[in-house]
Amino acid sequence: TSWFPEHERASAVGFYTSGQFVGLAFLTPLLIWIQEMLSWHWVFIVTGGIGIIWSLIWFKVYQPPRLTKGISNAELDYIRDGGGLVDGDAPVKKEARQPLTAKDWKLVFHRKLIGVYLGQFAVASTLWFFLTWFPNYLTQEKGITALKAGFMTTV
């Protein structure tokens, strides 16, 4: 929300979100290989280590738009005019928290949001099926090696 105007935000979020699935698809064979060669513990160590290293790099490198060197005022105005939170890191005055109203609860149960909830449930259920149950099924019931099951899960 800081770097993207509203009309570009869906593309940015879609790109980011799809990256986790593309990365998982390409890395599954490597992770299965690590599990076969070392142990399942190393899968957690390697993926956790990568996450920690990436977080440290991001923490060191990331800057909000208005503090980034090399960004022009025209670019800042473009982001700001499009609804981006260019000044989102600036201190804000805290307002009293408003209690939830019946109108707020109606929004939670809006027809479009229920569609989002169902879609997310379907995506998450399918993902976790293929990440957890499917490889075990292939190895235990079909007699496929864990390494082959990892490659098949990728597809």
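Heads up, the Cβ atoms here are built off N, Cα and C, so glycines get one too.
Feature annotation from TrEMBL assigns domain 'Major facilitator superfamily (MFS) profile' to 1-155. Under the heading transmembrane segment, TrEMBL lists 12-34, 40-59, 113-134.
Listed by sequence, the residues of this chain that lie at least six past the ends of the transmembrane segment (12-34) yet keep a Cβ under 8 A from its Cβ atoms are 3-4, 42-43, 46-47, 127, 131, 135, 146-147, 149-151, 153-154.
For the domain 'Major facilitator superfamily (MFS) profile' (1-155), the model gives a mean pLDDT of 84.
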